[in-house]
């Protein structure tokens, strides 16, 4: 008895538990990587610039990267063994790949921001281009007419695409019709349709006969652009929603049917709410695709320098068209108007993304995060 | 209320009498549904039922009576057509594209496959609990229980009472009453299954079909669900498919033994009161199966 007591005390007095995370990198790892990077850089400089004449920075980069990988492998093998070394090399390559993808994207965004941001003022959002001359300063650029056009055309496209796309996806997934196969093939084929062909089709099939017959609705206006954009967006949304609906477990459909629900009711109350987040994502992707499309607009909405809030009559500007018109002009200050437009387009798409994410966020999940806290407090 | 639940949950599974379950429900009786199934339990009877998937005959000549307010267990090895038969009983079989069937299934004397009878109406009267718990992930616990009302267009005068009643009958009320708003998917497997039972009971069906409801659960949850079956077995007709011989013995009043010989469709070898099937079966194959000699 007396012998056990001190031992228990010793246990109690033992130092606090040290937390270890075997998967995380240690300072030694980072030091080794840094050392390899420095040696690889120096060795590259020595070989490529002192011994040889370097053909250019890209060659330097390639040599340095290869040397870095080799050194990292050897060093890690000596420290931790062959398996860890292979693991480190593969992780490094994967991270490089991710960076290789991210850097061009950031460069592109950065370029547009640098080119456009200095000239972007409130004026862009308050007036159109009808009173702005070619020699006026870039900060006088007005894009309100283009923003209004893009918003109206995108919204109208959504009005057509969301019901049609959802219904088609539901048809493909929730019915047993024999026509599902041909419809699926058609949707696939349409998603490969070049967007200029969509514009051309609307131009040839609706606008030319419309102008000849003198029907006001079928001439250059926002609605025609919407038709062309619908042809571009519909297959994208349908395919994505189709995939998302397929992910809903069949057990849920059976459970719903076994409760006495009709098939339509099951789709509306069980399948679609379960796939809610995915459906929202599909629509976001469609918006992103459509808001940046230029080709279908070239000979449908035609573009304009003045404000036209009515999408059903008269040529209408939109941001992609705005960029297209000004970037190809000879005067450099007019070209810069195009960069301002591009910046606004990117900002607009980001804003739409954020909005759709907010709307599509899973409500039940948010509730779940709140509820356990509450019950935990009640239990205390 | 908590006291009555206490007594009913601690009582041995086989023991609860009709009295305990009525004691548990005095308040709940007031909940009335409009547009739901007719009140009370119903008798199911299958007559010469056969089933095909494509050209393959999987079930032949099954005639079975499942008396009202009793628990009927369907036992037998895998692939002998028990689940198919169960799905025929509430017209879930026809959801499989290649499936066809013959014979008739009478619910209180009416053929559920008769011309002009709608599958929805049948399924509303004959509820089903599946092997894998499948609560609706987009709905809260409360909405899951009420899902049947919403889906089948049944109206209810007191939804809160119905939620409490259904969860209590499924033995889940005490565990979830503080978090009815959290999603059904956040519960443990056993709780999810009991939530599914509560969901099926909420529309007050006449018959409840259960397709191996405990096969994905641990022994504690299994015991809890068996208690639930014993309690609801006095109010609705229960038909349960199980691979667990002891479970069939514990929960059922009647038993039917299905068997499919090699390259033959499944048939009912023997059926009758559970004590007889397990105690003194007439057929040698039944005797071998219930004593664990094969299967």
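Using N, Cα and C of the backbone, Cβ positions are placed for all residues, glycine too.
In TrEMBL, annotation is done automatically, which means it is predicted and not curated.
Residues or ranges marked as region 'Disordered' by TrEMBL: A:1-24.
The compositional bias 'Basic residues' feature in TrEMBL is assigned to A:13-22. Note on the compositional bias 'Basic residues' (A:13-22): DSSP counts are 1 helix, 0 strand, 9 coil.
The feature transmembrane segment is assigned by TrEMBL to A:31-51 (among others).
Within the chain, the transmembrane segment (A:57-76) has long-range Cβ neighbours (under 8 A, six or more residues past its boundaries) at 32-33, 35-37, 39-41, 43-44, 47-48, 84-86, 88-89, 92-93, 96. For A:57-76 (among others), the entry in TrEMBL reads transmembrane segment.
TrEMBL lists A:88-114 (among others) with the feature transmembrane segment.
Look at TrEMBL and you will find A:147-356 tagged as domain 'ABC transmembrane type-1'.
Per TrEMBL, transmembrane segment is recorded for A:154-172 (among others). With a threshold of 8 Å between CB atoms, the same-chain residues lying at least 6 positions outside the transmembrane segment (A:154-172) that come near it are 180, 183-184, 187, 222-223, 226, 229-230, 233-234, 237-238, 241-242, 244-245, 267, 271-272, 279, 282-283, 286-287, 290-291, 311, 352.
Using a Cβ-Cβ cut-off under 8 Å and counting only residues 6 or more beyond its ends in the same chain, the transmembrane segment (A:193-211) has close neighbours at 217-220, 224-225, 227-229, 231-232, 235, 293, 295-300. Residues or ranges marked as transmembrane segment by TrEMBL: A:193-211 (among others).
Taken from TrEMBL, the feature transmembrane segment applies to A:223-245 (among others).
Away from its own ends, the transmembrane segment (A:266-288) comes close to residues 154, 158, 161-162, 165-166, 170, 174, 233, 236-237, 240-241, 243-245, 247-248, 252-253, 255-257, 349, 352-353, 356-357, 359-362 of its chain (Cβ-Cβ under 8 Å, at least six residues beyond either end). Taken from TrEMBL, the feature transmembrane segment covers A:266-288 (among others).
Under the heading transmembrane segment, TrEMBL lists A:339-360 (among others). Tertiary proximity for the transmembrane segment (A:339-360) is limited to same-chain residues at least six positions away from its ends with a CB under 8 Å from its CB atoms, namely 109, 112-113, 115-117, 119-120, 124, 138, 141, 143, 146-147, 150, 154, 276-277, 279-281, 283-284, 287-288, 291-292, 319-320, 322-323, 326-327.
Distant neighbours of the compositional bias 'Basic residues' (A:13-22): none; no residue of the same chain at least 6 beyond its ends has a Cβ under 8 Å from one of its Cβ atoms.
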